[in-house]
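Here TrEMBL flags 12-29, 41-58, 70-91, 103-124, 136-158, 164-183, 204-223, 235-257, 269-291, 297-319 as transmembrane segment.
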Amino acid sequence: MALFARIRKEWFIIGIVLVITIAKLEPSVGVKGGPLKPEVTITYIAVSAIFFNSGLSLKTEELTSALMHVKLHLFVQSFTLAFFPVAIWLILKLLTLTTINQWLLKGLQTVGCMPPPVSSAVILTKAVGGNEAAAIFNSAFGSFLGIIVTPLLLLVFLGSSSAVPFSSIFSQLFMTVVVPLIVGQVCRRFIKDWLERRKPPFGAVSSCVLLMIIYTTFCDTFSNPGIDLDRFSLVLVVFIIFSIQLSFMLLTFLFTTRKRSGFTPADTVAIMFCSTHKSLTLGIPMLKIVFEGYEHLSLISVPLLIYHPAQILLGSILLPTIKSWMITRQRAVKLTNVQPI
C-alpha cells in the first residue's frame, strides 16, 4: 500500500523516465513525419490544449492582474533576450580556449538568442502552483517578441541574417496560444460553477501533455544525426548546458527573493522558469531559415536539441523542491502579515 502511494506521488518522475526510455529504444515513432505526427499533434494540438486548459482553469481576474505586473514582465524579457545572450557570449570567450567543436559553441550562442517556449515554462509553473497567469503572458509575449529580436541577436553575435517569415510564425502563435486561451476563458464563464464544484484535474492534464512533449523531443534528439560527434565535446556541452540552467535559475531565484524585490514566491517560480527556458518549437525553424545552406547546421542545432529536453528534465526533477519552498515561504508571509489582536 505504501509502495502504491509512493508511485502515485512520484508518477510524473516515473513517467519522464519511462517516456525517455521508450524514445531511446524506438525514436522513429515520435519524430517529425513519424506515426505520431508531432508536427501536428504536438506543435498545434498539444500546445493549443495547454492554453485552452489554462484558459479554463485561470480566474479572469488573475489573468487581468498578471497583465498589469509590468515589473515582472520587464525582468523576464530583459533576462531572456538581453542578459542571457550576452552572458553566453562571455562564457564562450573562455570556452573557445578549449578543444570543444567550434560549431557546437556557435550552437550554444544560438540557444542564448532564442525566445522562451510557449509550453514547458507554463506547465512547470502550474505544476508548482506558481503565478501561472504571469507565465502564460511572458511565454506568449516572449515568443512573439522573439520572432523579431532573435534574428537580430543572431546577426549581432554570429553575423547571420536571412528573411524570416514573420507573418506565418505570428499566425501560428496566435492560433495555438491566444485563441485557445480566449476560448478557454469564454467557456469558463458558462461552466464556472461546475468547475469550482467538481475541480477537474487541470494539473494532471498539463503534466500528461508535458510527457508527450518530452517523448517527442527526445525522439528528435536521439534520431538526429548531428548528435553523432566526438564524445568529449558532446559530454562537455551537456555539462555546460545543465550548469548554465542551474546557475541562471539560481541567479533569478536570488534576485527575486531579495527584500524589497516586490515579487511574491509565486512570481519567483514563474520568473525562474520563463527566464531560463528556451523554445525548440520556434528555435529549430529559425535556425533552418537563418543558417540555410550551412553545411554545419546540424552541429549548430545540437545544443538547442539538448537544451530543450534538459530544461524540462531539470525543471521536473526540481519541481518537488521548488514547490516545497514556495509553500513554506507563502505560509511565512501569511504569518508575518497577521496583525496581533
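Positions of Cβ are set from backbone N, Cα and C atoms, glycine also.
Model, not experiment: these values are computed from the prediction.
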Non-local residues, at least 6 beyond the ends, that sit with Cβ under 8 Å of the transmembrane segment (12-29): 35-36, 127, 207, 211, 214-216, 218-223, 309, 313, 316-317, 319
Other parts of the chain folded back onto the transmembrane segment (204-223), taken as Cβ under 8 Å at six or more residues beyond its ends: 12, 15-16, 19-20, 22-24, 27-32, 34, 36, 38, 41-42, 46, 49-50, 53-54, 119-120, 122-124, 126-127, 280, 305-306, 308-309, 312-313, 316
Two-stretch contact, the transmembrane segment (70-91) and the transmembrane segment (235-257), at least three Cβ pairs under 8 Å: yes
Intrachain neighbours beyond the transmembrane segment (235-257), with Cβ under 8 angstroms and 6 or more residues off its ends: 75, 79, 84, 87-88, 91, 95, 98, 100, 104, 108, 111, 263, 265, 267-268, 271-272, 275-276, 302-303, 306-307, 310-311, 314, 318
For the transmembrane segment (103-124), distant same-chain residues with Cβ under 8 A (at least six beyond the ends): 46-47, 50-51, 54, 76, 80-81, 84-89, 91-92, 95-96, 132, 135-136, 138-140, 142-143, 145-147, 149-150, 153-154, 157-158, 173, 176-177, 206-207, 209-210, 213, 229, 233, 237, 240-241, 270, 273-275, 277-283, 286-287, 296, 299-304, 307-308, 311-312, 315-316, 319
